[in-house]
Amino acid sequence: MNLLQQKIIAVGKVLSDSVLKVDSFLNHQIDPELMKYIGEEFAALFADAGITKILTIESSGIAPSVMAGLNLGVPVVFARKRKSLTLVDQLYSAKVHSFTKNETNEISVSNSYLSKDDVVLVIDDFLANGQAALGLIDIVKQAEADCAGVGIVIEKGFQNGGNVIRQRGIRVESLAIIDSLIDGKVTFREDTSK
Ligand code: G4P
Ligand code: NA
Ligand code: NA
């Protein structure tokens with residue numbers, strides 16, 4: 001098991017057959033040492049991809065993205081879920097529907113921070129149904145930039161997002177893939193164990 005998987009086993013809480021709570025290191029309190037590790041892993045995976053920018057979504061995507069950006073030496077842009085007062089530029093935007101929360105957010109990114117010359121790595125904390133990642137990929141497309149791939153901290157392999165994005169021919173690298181949360185037990189997909 002890699003460091004992230006060990007952390008999930010040690011402190012993750014299985015709330016139901018489909019939801020894992022990781023507030024103690026990722027979604028509320030943040031573990032900087034673990035984020036450092038996560039940033040190094042993403043940077044190593046995408047070292048040869050020519051990345052010029054990381055694109056994520058507030059709020060929980062920001063910490064892992066900043067550490068990846070530090071290691072790759074590139075800036076990090078986060079899509080906003082609410083329009084900022086000072087965001088007066090032209091916006092790229094996409095509608096993101098959350099099946100979990102049953103709500104749709106319009107996410108947006110200023111056109112000042114993504115251009116057709118960028119090679120973008122999309123990062124997010126969780127991959128479930130893939131709606132957030134697809135919205136970010138759509139924004140990359142609007143900017144006429146290249147999407148080099150998607151880096152995910154925790155993929156729920158029993159939900160469909162990973163398949164949907166990989167079927168589009170987009171590279172998806174998840175540091176932990178969970179195949180099952182049934183009976184309160186976390187089961188990882190073998191090939192992500194390092
Ligand atoms: P999707 O984008 O893959 O379709 O995911 P979905 O709509 O199902 O998820 C909505 C929110 O819930 C997202 O966070 C997502 O990261 C998170 N999420 C989904 N499944 C889990 C899970 O099993 N555990 C945890 N901890 N989070 C999960 P968000 O609303 O964008 O919030 P934020 O944390 O980024 O602020
Ligand atoms: Na997120
Ligand atoms: Na989240």
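Any Cβ shown, glycine's included, is placed from N, Cα and C.
Annotation for Asn27 (xanthine binding site): same-chain Cβ neighbours under 8 Å, separated by at least 6 residues, are Lys21, Ser60, Asp125. DSSP classifies Asn27 (xanthine binding site) as helix under the three-state reduction. Annotated xanthine binding site per TrEMBL: Leu20, Asn27, Lys156, in sequence order.
Across the range of the domain 'Phosphoribosyltransferase' (33-157), the DSSP-based residue counts are 36 helix, 46 strand, 43 coil. Sequence annotations record features per position, and here TrEMBL assigns domain 'Phosphoribosyltransferase' to 33-157.
What TrEMBL lists as 5-phospho-alpha-D-ribose 1-diphosphate binding site is Ala128, Asn129, Gly130, Gln131, Ala132. Sequence-distant neighbours of Ala132 (5-phospho-alpha-D-ribose 1-diphosphate binding site) (same chain, 6+ apart, CB under 8 A from its CB) are Ile57, Val96, Ser98, Ile107, Asp124.
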Task: Neighbouring C-beta atoms (10 Å sphere around the C-beta of Gln131 (5-phospho-alpha-D-ribose 1-diphosphate binding site)) - done: 20
TODO: Report, as a single number, how many Cβ atoms besides its own are within 10 Å of the Cβ of Gly130 (5-phospho-alpha-D-ribose 1-diphosphate binding site).
DONE: 23
- [ ] Pop the Cα-Cα gap between Lys156 (xanthine binding site) and Asn129 (5-phospho-alpha-D-ribose 1-diphosphate binding site) into the table, whole Å please.
- [x] 9
- [ ] Do me a favour and check the Cα-Cα span between Leu20 (xanthine binding site) and Gly130 (5-phospho-alpha-D-ribose 1-diphosphate binding site); whole Å is fine.
- [x] 16
